[in-house]
């Protein structure tokens, strides 16, 4: 096993400090010098120390994986292993569907260009949207290396002439609605992936109007420009994963169509950087590179090792990436699937209690508006805060009633903060889970007998929020991906809530990189009474008293249970494939669903009848 050198570790830290948006369109090609400036500007800061610690953790993780690899290949006939993988590739190939034309639409520097419409004097000047942390940057600013997610003071070091513009979220939302209305005329079932990107299936529209896909997309983009004066980039391909990759090929204000042929797709994927795959972040990129996977073509070359380390990398998902096979089902988000609703805000580090509570009150008011507008109420309130050391903690409280008002949310948040003073924080947020849809009809009299958890005391739950786990695609790759204060992202895996004592406790969640359904092989503590006192925030199992609940949550978080679940996860996935679409990173790597195949067959029948 070859230990990473000091120089490679230093390079890794510099790349980490450069941030997750270094693949953005329009960024300067002189990235090495830009990365050096960022690293120099960060040295000595708490942010630098935190990033250094996390980078060292990833390095240690790589060393463990390399040790496992060396042990796994001893005495193994790799030829036979590769033959088995080849048979699996043949089976996956049978799932390929080249009949649909899927489009990924991505607005060009959306927030920046909307601001440009409001203030034409910004034309041709480098500017960024946001102050403490930039949400996006104009293409003129990107030439200097300025990008989304970058602290404002570092952006100014890269570009001293940079103009910082305030956020205007209501304006962005109004423009987004106008643009999405245009897209729906081409596909009523389109998926709005974020405020500035969407997926469409234009197959039926093209057939009905006797249009070629390229012409259809060109007309669509022109309509958006004519009505809003904003430019759009687009990718056309056989599935959502390929379409998203293609939309970045000719940015800004361009489109790219990947031919619907087997040879064209395989050639396109072969030399593609693994980082270009939706859902592959900087950590998974490092892990894959450590075993020799730098491009999608390397997946095939390393297929034997990947098979032996399946639970660490997810062999099936990577084989689908190599083949360019993914879901081609486009449909809107289903309201019933929502798990949480929340709001959070980043600011300069503060320690005064009054100022922190003032921020909390603003967040509570904002969240109340969102819940009222969306028609939601909930039972569990989670407080999240980030220290000035960049460590993230969460605490949660479950109520025996539904909560949604500003006063209820603020009271819960301030109560959860009470044991933590003194604090010096740079982010605070509230999130409500265990949601009830107020727009959904009741299920009859049975609703009156549904037990609610007792909550005599708050769940004093704390966890470190791990930035090292690759985020959902729509979070990671949208044009303004780091604007956490304005996007209500359903980050089901980013917050680990655990019942603990009042003392601070850091819990580092160890989530598998591959798609795993957690089904532990150990038997957890069972409730002994039908009287319900609370639910496990991880698996929603109900318990009769807090002692049993605490014991169960400890079990749920146990490392051995998670490891056992990982070992069983891949088998579970093959036995029971995920039926709900559009949920998480692995959506890109799944085979087209049965539902999608049925829809596609219906489209084919209509075409034959016509």
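Even glycines carry a Cβ here, placed using N, Cα and C.
Unlike curated entries, TrEMBL annotations are predicted automatically.
Since this is a predicted model, take the numbers as computed values, not measurements.
TrEMBL lists region 'Disordered' at one of the ranges 415-448, 449-482, 483-516, namely 449-482.
It is 564-610, from the ranges 517-563, 564-610, that TrEMBL records as region 'Disordered'. Across the domain 'UmuC' (102-281), the model assigns an average pLDDT of 93.
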